[in-house]
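As recorded in TrEMBL:
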| type | residues | note |
| --- | --- | --- |
| DOMAIN | 1-129 | domain 'Laminin G' |
| DISULFID | 102-129 | disulfide bond |
| DOMAIN | 130-166 | domain 'EGF-like' |
| DISULFID | 156-165 | disulfide bond |
| DOMAIN | 167-205 | domain 'EGF-like' |
| DISULFID | 176-193 | disulfide bond |
| DISULFID | 195-204 | disulfide bond |
| DOMAIN | 210-398 | domain 'Laminin G' |
């Protein structure tokens, strides 16, 4: 498998192969080779349907039946490769040669790659293209950079302040606690404080403890399983109690959630009923839905357990076996390589549930979770001893 963006005869090309055939997309217009014109290139794929957008002019490739996952476990190369024989002969039109020119602002799956001396894993023969201390993104939020004798200065739009225009003016005098995030509210010329795990109050200055975690919608807990290295990942298990009055929400996600290749086991509410999805590698299993009508959003406590025995998945709800399915009788992948990461209620601030789960779940969880047990552990996990925001004590009024 590969995905490659290249210049061929003055045109940008996207070529990718997901394991069955090579797809080729070429921009409609030539690239300016005068050395002083910046081009904006957006390229990628959704499943096996590809798109290539150069300066706003878009070319797409309609999907035909076939494989739809990019299965690569190599380094990501920019501008060239460490050895030309790494390049698949179908990945480019002509003989492979390194790129000559300037590249900036590379964003992959909504994450920007830092093109600095220290951040990449390695490289060779790369210089500074801008030639000044300003660069393209020194000043954030549309600030204007000026070169000064002592370095640079930023001229900021009126909504932003700070040396690099990184801070909202609404948060410049905020009273949020040291562990909190300040979220600007421009419409009301104010701000709100988002509290870290273990804190509450308007300014997140009240220390709290909880055994029942209350999620309010823009909430999440990220728990790292310290026993991950000792787990038998062919026999995974998670159980917990939850209560909610919502018809949609992600309750738990065992997996790193960094890209579509990551294994995961997910539990949530969809259309008011329980939904479980398991991906052991290469493909997402058909979501397992509770067939019978069941009202998950009745504000009662419900006990759910999901057991993975290689490719056999069992789901228990309130002690009753409600789902039992072999998601891959071929036994191609049998282990849940979840990376020791478990999310509860949602993902990090700014990461939308419907985007991260590619539509499997629509919203963050609103409700309460307690008594989470992983595998056959004798103790419940301590949700307090994790990373998270906007999670409160659910003991009051349960």
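From the backbone N, Cα and C atoms, a Cβ is placed for every residue, glycine too.
In TrEMBL, annotation is done automatically, which means it is predicted and not curated.
Looking only at Cα atoms, residue 165 (disulfide bond) sits nearest to 176 among the disulfide-bonded residues 102, 129, 176, 204. If you compare Cα positions, residue 102 (disulfide bond) sits closest to 156 out of the disulfide-bonded residues 156, 176, 193, 195, 204. Listed by sequence, the residues of this chain that lie at least six past the ends of the domain 'EGF-like' (167-205) yet keep a Cβ under 8 A from its Cβ atoms are 158-161, 218, 221, 349, 384, 386-393. In the shown protein chains, 12 other C-beta atoms lie within 10 A of the C-beta of residue 129 (disulfide bond). Here the Cα atom of residue 156 (disulfide bond) is found 23 Å from that of residue 176 (disulfide bond). Ranking the disulfide-bonded residues 129, 195, 204 by Cα distance from residue 176 (disulfide bond) puts 204 first. Summarising model confidence by region, the domain 'Laminin G' (1-129) averages a pLDDT of 86.
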